[in-house]
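Record features, source TrEMBL:
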DOMAIN    44-107  domain 'SH2'
REGION    148-169  region 'Disordered'
DOMAIN    195-245  domain 'Phorbol-ester/DAG-type'
DOMAIN    258-449  domain 'Rho-GAP'
Amino acid sequence: VVSLSSDHDEYRPPVWKSYLYQLQQEAPHPRRVTCTCEVRTRFLSVKDADQLLSQAEGSYLIRESQRQPGTYTLALRFGNQTRNFRLYHDGKHFVGEKRFESIHDLVTDGLITLYIETKAAEYIAKMTINPIYEHVGYTTLNQEPTLKKHLPHSPEAPDGPAPAKDDCNTEERLTSLVRRATLRESDLAPKYEKVHNFKVHTFRGPHWCEYCANFMWGLIAQGVKCADCGLNVHKQCSKVVPNDCQPDLRHVKKVYSCDLTTLVKAHNTKRPMVVDMCIQEIEARGLQSEGLYRISGFSELIEDVKLAFDRDGEKADISSNAYEDINIITGALKLYFRELPIPIITYDAYPRFIETGKITDPEKRLESLHEALKLLPPAHCETLRYLMAHLKRVTQYEKENLMSSENLGIVFGPTLMRAPELDAMTALNDIRYQRLVVETLITNEDVLF
């Protein structure tokens, strides 16, 4: 499929496999059957339906159920037998997960699926063996000029996908597979593991799976697409794709409310830019500010900072010229942590950290906290380390800013640790332990990280 003899080989596009594409072309076409004879009742029996459909493969009709009036059955001829499916409608027609605008499209897709899964059951079961994905990774295979010279030539159907016909530049037409094959991997770049964010997707025109190189069959919802890096694969292939998503900035549209690992991988940084930039600004001009992190800035201006990061990324201006009040910057940093879809201290790790907060013996609490930190994803742990080191420096100016590690624990406890769907009373009781955990992290950051 793809052969890589050395790290300096030029990229050669994979050979897209055409077998399943050919089968889709061979699948029976739908033939709607209407009952032309006079019937004594509005109900059509199973036997009568079977007789009407026996004339050709792909024939179908819809009949009202005799046992449950008001419900309908799709009767479909396939494999020389009549198959019956309960038919539903909620604005669109469906018999399973997929929803269709018309019965004709539903039947067309169903016949394709039945035909391919019948004819190629063994082939489909082995699709994930020897995938092309394993041969095309994140290593640098060539320089950018070489990449442009060796863009994959779209083979003629049915051997491959049709070329994109748009006015985008050359690089934007690269599939995620080609993009991964040509990404430069810096020795200094953090190597955080990230799972793909797959969503069911309808592809326009023929598409091939970027994991197994096989055709993605059907009319709609033929497979899944990673919302972060754009990888297109079969639903079954998505279960075996490695956790090596490399987010693409074309898919990651914002900074706030974006998954932390997704953001740092998309920007190829160790930590979120918001954290680095805000902390640098605070340490440059705000460490002696009374009530630092406790006093809130104007919410409208904090929202402005958020919009600036979402719009401009690392080019956002958060200097004193733009925002004189340092409390606006501290507010923007706290807002970033609050809006993370998965908190810095993740939902999975939350119970372990709370249990740590309940330990009264200082030494045992430190040991437990050290073990709890191992449960965090690497990008979360690195961000937490950087933040705790910063807050430790804040406490060194306690005489001026009046912010002790205890005070900062009160502020950051609920910000960094959010209870995963606990009842109100339990969540309220957890607040004291959240404070103790953050306070211990600040005080002992040099030992714990």
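Along the chain as shown, residues are numbered 1 onward.
Backbone N, Cα and C atoms are what each Cβ position is placed from, and that goes for glycine too.
Summarised by DSSP class, the composition of the domain 'Phorbol-ester/DAG-type' (195-245) is 4 helix, 14 strand, 33 coil. On the 0 to 100 pLDDT scale, the model's mean across the domain 'Phorbol-ester/DAG-type' (195-245) is 92.
Under DSSP, the residues of the domain 'SH2' (44-107) split into helix, strand and coil as follows: 13 helix, 25 strand, 26 coil.
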